[in-house]
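What follows is a single structure, written as structure tokens, with notes after it.
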Amino acid sequence: MYLPSLVLGLLGFGLTASTSPIEERSNRSKAPAGCLTVGSSGTYATIGAALSALGSSTSDACIFIGAGTYQEQITIDYKGKLTMYGETTDTSSYKQNLVTITHSISSPEAGSLDKSATVNVRSDGFKMYNINVINGYGKGAQAVTLVANADKLGFYGCSFVGYQDTLYAKAGRQYYSNCYIEGAVDYIFGDASAWFGECDLVSVGPGYITAMSRTTADETTWYAIDHCNIYGKPGVDLTSAVYLGRPWRVLARVIFQNSQLSNIINPKGWSPMATGATPLYYEYNNKGAGADTSKREYESPISGAVSIATVLGGGWNSWVDTTY
């Protein structure tokens, strides 16, 4: 169901799906050329309807979503490369996003983690710009906001809000830039190789930021949190109540580097989870009240920052939007 915004009547929309060029950072109040359009003045009233209209094509495509709140649960399994744009007054950040996709269901109610997700991405090469995604279930059970289960995914200026298991970085290579990620318990988890650059990771309750599930030594997967801000939601006292992570599987591998760690981080830094785990947990060049490593547990030494090529592999700049 679509809940219109007052500004939608001012917008103009295109009609067809095709490739569109990377935009410069600016106001995005109308559809990039060639995009299918969603909203009160668009061709489609719901995001799901626009996705259905893409059909079985394998051509590159894009969808523009006009300002408003969309009460939907969507699966993105398009066979071509799809880009989804949200209306915003500032494309360089999540802070002025005008589009929200929201749904509320827990994993036990839905039957699985994937089925609880507000947005479930299964399409290789998918990109999302300036869209807020929420699972409003709250405390009490796992309830996923985003399942990212494909290769070469990019999320730019997006916001992901949940409580337990917000962002399921499940598999493939993934890039998150200037995003907002909110939760309390294991709110970034899975076995993707994921780079989080210049993101805000915001805890709303005691718990664990990451729960990485690398299982075998030959897996090349990492979570790299680089130049990010880690803090608690204003008004919630979480002093020393949050851990950087715990290993969902035995060989979890995570680095926090070049980031600001607030006083929410417990001096121990990391916590146990999987039986017999020997995780690889690294910290490098972080600042702030939570960055003191003198009392850390489970931390491994490292001599320098991890590169994006290490995390995402060679050729990463052929699919990452390096202008963002």
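Placement of Cβ uses the backbone N, Cα and C atoms for every residue, glycine included.
If you look up Swiss-Prot, you'll see D165 marked as active site, proton donor. The feature active site, nucleophile is assigned by Swiss-Prot to D186, with sequence analysis given as support. What Swiss-Prot lists as substrate binding site is Q142, R246, W248. Residues or ranges marked as N-linked glycosylation site by Swiss-Prot: N27. According to Swiss-Prot, the signal peptide annotation covers 1-19. Under the heading site 'Transition state stabilizer', Swiss-Prot lists Q164.
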> What are the other residues, in sequence order, whose C-beta lies within 8 angstroms of the center of the C-beta atoms of Q142, R246, W248 at the substrate site?
Replying inline: D165, V185, D186, F189, Y208, A211, S213, M273
>> Tell me the Cα distance separating Q164 (site 'Transition state stabilizer') from W248 (substrate binding site), rounded to the nearest angstrom.
In response: 14
> Among the recorded positions N27, Q142, Q164, whose Cβ has the fewest other Cβ atoms within 10 Å?
Replying inline: N27
> Minimum Cβ neighbour count within 10 Å among the active-site residues D165, D186: which residue?
Replying inline: D186
> Fewest neighbouring Cβ atoms within 10 Å: which of the binding-site residues R246, W248?
Replying inline: W248
> Using Cα-Cα distances with a 10 Å cut-off, which of the recorded positions N27, Q164, D165, R246 are near D186 (active site, nucleophile)?
Replying inline: Q164, D165, R246
> recorded positions N27, Q142, R246: which have a Cα within 10 Å of D165 (active site, proton donor)?
Replying inline: Q142
> Which of these recorded positions is closest to the residue listed as 'N-linked glycosylation site' if you go by CA atoms: Q142, Q164, R246?
Replying inline: Q164
> Could you give the Cα-Cα distance between R246 (substrate binding site) and Q164 (site 'Transition state stabilizer'), in whole Å?
Replying inline: 14
> Which three-state DSSP class does R246 (substrate binding site) fall into?
Replying inline: coil
> According to DSSP, which kind of secondary structure is D186 (active site, nucleophile) found in, if we only use helix, strand and coil?
Replying inline: strand
